[in-house]
Amino acid sequence: MAMAPSSSLPQVYPSHVVVAVWEWQDGLGIWHPYSATVCSFIEQHFVRQRGQHFGLGSLAHSIPLGQADPSLAPYIIDLPSWTQFRQNTGTMRSVRRHLFSQNSAPGQGIVWEWLGDDGSWVAYEARICDYLEQQVARGIQVVDLAPLGYNYTVNYATLTQTNKTSSFCRSVRRQVGPVYPVTSDIAVPRQMGLICFCQQCLHGSGTGPVSGRYRHSMTNLPAYPAPQAPHRTTTVSGAHQAFAPYNKPSLSGARSAPRLNTTNPWAAAPPVPGNQSLFHSSLSHLGPQLLPSGPSTSSGASASFPSGPSSSSPGSAPTTVPVQMPKVSRVQQALAEGAPKPEPEQVIRKYTEELKVAPEEDCIICMEKLAVASGYSDMTDSKALGPMVVGRLTKCSHAFHLLCLLAMYCNGNKDGSLQCPSCKTIYGEKTGTQPWGKMEVFRFQMSLPGHEDCGTILIVYNIPHGIQGPEHPSPGKPFTARGFPRQCYLPDSPQGRKVLELLKVAWKRRLIFTVGTSSTTGETDTVVWNEIHHKTEMDRNVTGHGYPDPNYLQNVLAELAAQGVTEDCLEQQ
């Protein structure tokens, strides 16, 4: 049964004594609770080691699950990295710890399960169990799981789960067993505590994993300036400085790289026609990939061409523009050329002014003096730009060899935009290499910790497996999309709604995800986050991906600004 990664409904703890549930995440992004016995064993180790400094690879912080359940003998949990490791295969899975009140379903030992295709019973993740109990206690016989991001209903009278898209039914059951472990340890780790090795944290860090409670609260990020285009300046310090989309060459690498291609880049193929489900807002970027066969969080596999910001009010759907698509192979679709884009030389000329006299300084791209030939003169073909031509960018006035700027541009997305490698000022509209998929927006009344005065916005991203295009690392080869649908949370406050609208812009510009190498698993040619942090958990901010986090909204605005997405973009729509 394909299900979305569940949301985490916030809890109110009347006392300092709660129960803890430990869960692991499979390859489809679904969370599975360990048994109450195993959770008790894990929690004992966790509490015992709480006050110690977690050193990566320290055996003292590895929890052998086989000691609690012999069937789990191959598995250990590494607390510093919050992963489950299978020793005989090397498979690594994320783990998490959730806290519930004692009168919750886990606190009473209640587990809901669904019947799998192989005849085995599979437990819902703990939040679903608790939500089902709450709804049934209120006398609701048919529970809709949409507020948690699921496309299912559960009928308590018939003990069935129904897929709202396909109407396929499965049996469910309610089991009562041992209660989950009671704990009084509800504090969030401090700076000396847990280290986050997720793709979001590692991708924007120049020094490796970031530790601490607010590892995603980069308070040193500058606010974007006005009226100049937003950028990140060289005065930013710390590990979260690497937001440039282009890799600077090494001193020895300028003349050893292969010759760069300056021809027109591939552009996206038009989306396929479709319709939109109601009761939520949906932004779809469905392109040449095929949708997976499993159920979706929306009512059917729908697609639309985004024509502007979608309304997020219940019962609304975005405008759709039908487009007829020829039947060609997936590889042909992925590699097909779209609308022509400006020649690379035209882009460089558009945003620079040629200098008659070269300044007495180095070109930070090739690391040669501006008064001598560009370090890329023997690698880049250009009839319009000579190796000695020097220019400065029109807004920030930083000077470079124009041939170096051309090489940098051709090594990027070649989307008609340019970003200063020194101060990160963006010229034009920056776009990314995000594969086609769907962004959906839901709203519900429950609050996030730290934002008790408003409801919650749920964003569901769904990207299927597909074929890489010319802008990706391995054109024509398949890429994987692990852990989708991915769910993210924002407070339904004025600032949260502003972040939502800017995320819609970033999604349309293909800036939320990219295809690359996962820093958590090492897998290549897979969809990964792209330097815009998201909160993927609702409740206790143990891993740094949840709430409360008082600096998150301001910092994600700065991250969006670093990608050229600011409030000015909303005014232009």
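Heads up, the Cβ atoms here are built off N, Cα and C, so glycines get one too.
TrEMBL annotations: computationally assigned, not manually curated.
Some features that TrEMBL has for this protein:
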- 281-318: compositional bias 'Low complexity' (COMPBIAS)
- 7-97: domain 'WWE' (DOMAIN)
- 98-174: domain 'WWE' (DOMAIN)
- 363-424: domain 'RING-type' (DOMAIN)
- 243-322: region 'Disordered' (REGION)
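DSSP places the residues of the domain 'WWE' (98-174) in helix, strand and coil in these numbers: 18 helix, 29 strand, 30 coil. Per-residue pLDDT, averaged along the domain 'WWE' (98-174), amounts to 91 for this model.
Across the domain 'RING-type' (363-424), DSSP classifies residues as 9 helix, 11 strand, 42 coil.
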